[in-house]
Amino acid sequence: MESQQLSQHSHISHGSACASVTSKEVHTNQDPLDVSASKIQEYDKASTKANSQQTTTPASSAVPENPHHASPQPASVPPPQNGPYPQQCMMTQNQANPSGWSFYGHPSMIPYTPYQMSPMYFPPGPQSQFPQYPSSVGTPLSTPSPESGNTFTDSSSADSDMTSTKKYVRPPPMLTSPNDFPNWVKTYIKFLQNSNLGGIIPTVNGKPVRQITDDELTFLYNTFQIFAPSQFLPTWVKDILSVDYTDIMKILSKSIEKMQSDTQEANDIVTLANLQYNGSTPADAFETKVTNIIDRLNNNGIHINNKVACQLIMRGLSGEYKFLRYTRHRHLNMTVAELFLDIHAIYEEQQGSRNSKPNYRRNPSDEKNDSRSYTNTTKPKVIARNPQKTNNSKSKTARAHNVSTSNNSPSTDNDSISKSTTEPIQLNNKHDLHLGQELTESTVNHTNHSDDELPGHLLLDSGASRTLIRSAHHIHSASSNPGINVVDAQKRNIPINAIGDLQFHFQDNTKTSIKVLHTPNIAYDLLSLNELAAVDITACFTKNVLERSDGTVLAPIVKYGDFYWVSKKYLLPSNISVPTINNVHTSESTRKYPYPFIHRMLAHANAQTIRYSLKNNTITYFNESDVDWSSAIDYQCPDCLIGKSTKHRHIKGSRLKYQNSYEPFQYLHTDIFGPVHNLPNSAPSYFISFTDETTKFRWVYPLHDRREDSILDVFTTILAFIKNQFQASVLVIQMDRGSEYTNRTLHKFLEKNGITPCYTTTADSRAHGVAERLNRTLLDDCRTQLQCSGLPNHLWFSAIEFSTIVRNSLASPKSKKSARQHAGLAGLDISTLLPFGQPVIVNDHNPNSKIHPRGIPGYALHPSRNSYGYIIYLPSLKKTVDTTNYVILQGKESRLDQFNYDALTFDEDLNRLTASYHSFIASNEIQESNDLNIESDHDFQSDIELHPEQPRNVLSKAVSPTDSTPPSTHTEDSKRVSKTNIRAPREVDPNISESNILPSKKRSSTPQISNIESTGSGGMHKLNVPLLAPMSQSNTHESSHASKSKDFRHSDSYSENETNHTNVPISSTGGTNNKTVPQISDQETEKRIIHRSPSIDASPPENNSSHNIVPIKTPTTVSEQNTEESIIADLPLPDLPPESPTEFPDPFKELPPINSHQTNSSLGGIGDSNAYTTINSKKRSLEDNETEIKVSRDTWNTKNMRSLEPPRSKKRIHLIAAVKAVKSIKPIRTTLRYDEAITYNKDIKEKEKYIEAYHKEVNQLLKMNTWDTDKYYDRKEIDPKRVINSMFIFNRKRDGTHKARFVARGDIQHPDTYDSGMQSNTVHHYALMTSLSLALDNNYYITQLDISSAYLYADIKEELYIRPPPHLGMNDKLIRLKKSLYGLKQSGANWYETIKSYLIKQCGMEEVRGWSCVFKNSQVTICLFVDDMILFSKDLNANKKIITTLKKQYDTKIINLGESDNEIQYDILGLEIKYQRGKYMKLGMENSLTEKIPKLNVPLNPKGRKLSAPGQPGLYIDQDELEIDEDEYKEKVHEMQKLIGLASYVGYKFRFDLLYYINTLAQHILFPSRQVLDMTYELIQFMWDTRDKQLIWHKNKPTEPDNKLVAISDASYGNQPYYKSQIGNIFLLNGKVIGGKSTKASLTCTSTTEAEIHAVSEAIPLLNNLSHLVQELNKKPIIKGLLTDSRSTISIIKSTNEEKFRNRFFGTKAMRLRDEVSGNNLYVYYIETKKNIADVMTKPLPIKTFKLLTNKWIH
């Protein structure tokens, strides 16, 4: 601040009668914030140095020829307040005072310029430069020494300097603000010193060294009046001048007093922060020093609490005191007094054993720390020290403090307290000395050590007849068993261990000895005055000294509390070692270690563990007998009680004695379980259970939420049920303290009904054991039932209810009765019960047609509460019904050896149990149903393996002509309904409803076979069947080929070589050749089974002949054909070898669907298959390593089973609920804080670079006038909403430079301080890629620019203040912002508006509509990304012209001008671009990935081989619960964020081939299982292996008259969680890939065609926007094309038949697509699936296919 103030006024010139001298203005780059606490002590010195180093330009200091020419006073120096300046004159040292120098009655009448009146003023000579201050000037405010009377300078030395050489005086600067007055006073005092007036400056006591003369008073007044205008004076100065306007001395005196106080505070803070203590000085002196500093700071308003003070003290401890850092740092309530207690004890022990010579040597294997216990009757002291360092500091202590601890030749001056060796110290409490008084032992101020004891001292006791001491270190000639009886004042015996001599070595160098008794059982060390008197020593309490009768002073006495003390340092230590002293003890208990000490020493272990460890010698140095165990049993350690606090223990059976008085149904336990996630809306998410205490009867009720009204309804129901059914009244309900139970609504309800709520205590779930155990039991049963039955999870509550019914009927081992028996109910009739999930057939009493089947397959759940029926789940209708019209599905097969639940049945047992129930299906109906069952619902594989000796035709009762099995073998099996013993589908539609309503009348007759050439799974080979089969003929078609289908399955005549379609092997009987079944995609299966309504791509009836294929509409005109050829010609599509068309025989058309059995979510999707993979032999290439599709046992009959939901893979769920106590996920931080980059940075070179960057940033902030430097604001005066924190962040840029940035904490910015409507725009990546593509095709020059500190060019409109960073130490000050600082919410928008306005108005650019940050004119295109600019132009001079205009306003740096005709390399927004005009452009990130990927800690190349694809089909992500602790979970989530973040950045920039894998793994960031991490590692590994790959562009043919913009679309149907489809699009401009997108469809599609329509609808808007951009940047005509491999989608888009739009949403979407295609001249064409490069966006592909689709555009 001061140097800044000086620089602002350094242009003041010295005007005189003989010269006009001007000084060069000095600019400074000092950071106004950089005033940290560490620099306070240097502040005055730095201020003086700044004054002394101000220089002038030699050329401007020349003196005019006429020495008597008077120049006018500069305008910057205002005239005196009482009038203008009179005629000026000058004076030299060798001349007499002029006439104007005489004293006048009023000082304002003096006719001279004040600084010319200084006795030290000299005019400059003709050839001399402007005078400078001496380079070394003492600080004017330094504390005076006792010898010098002047505070600031020695006048005699100044006079001698004045006689030897001329000294020129510069005037002080002008005062411009009241806040600058303290700094101005310093410069003014310096001015007086240099003017030889240092003697009149007041000292610290307020009085000057000499009397001020009248002339000097006049000079003082006038200079003060001129350079300190009254309007800028502080209030307290004005108050002084209002009393006496000439009392400048009083102002100076008070200013010095204030400055001294500030300096003292700064010095105290620095001293406290740099404390050092190793025992070389007395502990009481160190304590006095510290406590005085703390007291002074507290008195001055700087509060230092105990925690901070203790930390500062402990940080400075060294030597034997260092261990206190580790023994004390865990204590939360530690005080300074307690810390000094241990310091005094160690010092006392250290001094006592300084000269002792131990008579034992420690074994090196002994423990490092030696523990000693010092017992005290008031408070024991426990000391732990290192005996190996006992005498290390001996010589050092003696030299530093003249304290002798040796018996050999003590010096005369040892331990003397003299003024010459003691520095003065200031104390601020009642025990302190006056200013300048010396510190003596009689005035030591101590804190309480133990009660009122003064550590390290002996208490002078006039009533004691003997001297007693607790420590044996000072006893000479000790002897044990003295036989002396000693009693205290209360007549209690004091056991004496030894007697000896106590030897004193006083400061007069005399030695004295008295008798002393040793005992550890006293509170103080007592020194008997009677025994001192016996050796001619008395205590004088008036002088506070011990003296002899002749008046010789021996030692000072210290008064502490109510007693007088003498220091132990006058005692001579004995030569007795510690073990010898222990042998002197006679009491066994006094020689043992106290248990509390051992307990604390051994990490607070319990007494039993410690005793066992000592007994087994696992702890050495002392034995079990060395510890006093008497207090171990009853000892309560407060730290253990706090640190090891646990919940109270529950005694088994303790609950019963409180509830014996209750009758049945009077005492209930209740609890709520939930929520269960990822369920349809109709399914309950919670259940509430009730248990009767007496009978243990249970009730469960489903809940959809935990609202008060929902809970109240259940309570009302259960209370009414108990009252009416059991004639009982509930008296007490026990529950936990959840908000659902403690709300006011339920509390009032219970109070109204007279029920007492009994709540558990806080966090005591074990007290609620009855309800908790019931919930656990029911959930265990639920999981088991769902696993056994295979039913979907949304039926979980049905399993709970089934378990409740059974559990109420089972007897308890304790009571020998069931809950139903205790309640007086009959036992459960098991004949009415079915196994949970038992397959049944339910009668459809209201079919659509008389010829439709009457049976619907379902699963039995539990008996109905409201009827005599059974609750049965019908998957095909997605409903549950309450009915008695059902029949159990039976079968004889079972495979107990494999424990196959799907085959395991107990039909005979079920028949016996249900014998009394008659089936609604007649015997002839059973036979008839079996005859119609032409498609088996069994797993072919399992059927053949179960009965190899008797193969059974599972397709039909008829026998194949080629089947060798006689028809009679099937007769017995055909008499009963075929068993459908399979698992139910795991997942169903989320909109499934649970109701008791049977299917409605309006239903589709049969499932519709959809387009066989489906593309959702990657496409199939074209089959020789109708693509759009008529719905009315589908049944006939299937029926007519039943026998053919059957014949095919049992025929050996079919050869694998007849088709290229993927075949699945099926085991045959008796060693016959394997039969093959063509693989049919899951999409086809779903269409055949699920869809009841007409297919969206259904067309009018056509001939069923396999030779008639319905063609897709194609362009009929020659122009359209040419356009199609033109669009497809330049695309980077794969080159495929020609293949001959293959037709499947008719039997293939009627094969039942075969589903892939999958239990996990697939990385590649559900049931993905690929059209490019052909299996013509048993051997398979490594590149075609697809997972082999197996025949599913879950295949259901599509005719008789009525569209049962096919099995699907499990949902991919982010099971965050399984993670225990996850609170927050911290974002990833890539920058460093100030303390990390500079303060604690151990890398010196890096630290220096960051410091350099820091100063560079500070200078830039000052240069840009980022804030108002004229005023600092008090934090209390500003609205907190407008105050924003700030910080410095540091990072290393990609080019290796180190960057520092001063930013605001916009993340905590208040919403009222910015306009949320303003947006910060940057160039879209598609816009940049489009511009680069056009630049290549048109031979443009590409120039890259950077604008330094861009945001700081934008002004800020709002009134905002920032708080300086913490490391600057200005916590209470604020600065008002003037510029848009980085980090503010509005900074980006302000900069965007600023640069946008400049580009439009000054550079003649215009922004492209719809594409922010893209500007153009007739010659130049600009892409703006914050402060980076990319210029495109055909003429390089046009770019240079824009650069010249930008440099007029902004600090613009040219990164790459782009003028070379050779290959030029760019780094544009992370893309490494190689560009040669007119030839090619390559985009990659090799250097960046080479640097970043190794830092991710991913194991690269673990097997030493490179991956060929980022993933493979057939990989599935398990949904097992993620049991992991919070810290590990956060760590893994952070790792996933880093890995997926980098992958997303790379994929979005140019690696579009990775987007599908990135998108899929990004959905699992919050589910970081081991499997997910491994898949992510594999993706990063592939990126590492292919880091050198580049997106290759070549210049378009010059003959092309048009720009061609193409979007290639693809979709993968239902391969994402919740049956969502994956859609993908790739965009190409003139054959160059400029962008790609892979995402999950926002809505659930019900067919492949719908998914394709959704994908196309996502591509068209962006295609139109890109078309507009291309037309704006390049005036060529443009052709827009859209390619898809779905012919049905093209047919619907081009069709005018609105009947195809069979549902509201997709019908509307398809109609909109049709309008957009026709209205935007968009060409839609078909592309073969094999050539669809967008396939990589929607599914995982085999290596061969992946390479085939990508090697044309990225390699």
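Backbone N, Cα and C atoms are what each Cβ position is placed from, and that goes for glycine too.
Pulled from Swiss-Prot, these are the features on record:
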| type | residues | note |
| --- | --- | --- |
| REGION | 1-93 | region 'Disordered' |
| COMPBIAS | 1-16 | compositional bias 'Low complexity' |
| REGION | 126-173 | region 'Disordered' |
| COMPBIAS | 153-165 | compositional bias 'Low complexity' |
| REGION | 299-401 | region 'RNA-binding' |
| REGION | 352-421 | region 'Disordered' |
| COMPBIAS | 402-418 | compositional bias 'Low complexity' |
| MOD_RES | Ser416 | phosphoserine |
| REGION | 583-640 | region 'Integrase-type zinc finger-like' |
| BINDING | Asp671, Asp736 | Mg(2+) 1 binding site |
| REGION | 956-1087 | region 'Disordered' |
| COMPBIAS | 960-969 | compositional bias 'Low complexity' |
| REGION | 1092-1111 | region 'Disordered' |
| REGION | 1130-1187 | region 'Disordered' |
| MOTIF | 1178-1212 | motif 'Bipartite nuclear localization signal' |
| DOMAIN | 1610-1752 | domain 'RNase H Ty1/copia-type' |
### Query
Mind checking how the region 'Integrase-type zinc finger-like' (583-640) divides into helix, strand and coil residues in DSSP?
27 helix, 4 strand, 27 coil
### Message
I'd like the per-state residue tally for the domain 'RNase H Ty1/copia-type' (1610-1752) from DSSP, helix first, then strand, then coil.
### Response
72 helix, 38 strand, 33 coil
### Summary
Counting every protein chain shown, other Cβ atoms within 10 Å of the Cβ of Asp671 (Mg(2+) 1 binding site) number 22
### Query
Counting every protein chain present, what is the number of Cβ atoms, excluding its own, within 10 Å of the Cβ of Asp736 (Mg(2+) 1 binding site)?
21
### For the region 'RNA-binding' (299-401), the mean pLDDT of the predicted model
58
### Message
Can you tell me whether DSSP puts Asp671 (Mg(2+) 1 binding site) in helix, strand or coil?
### Response
strand
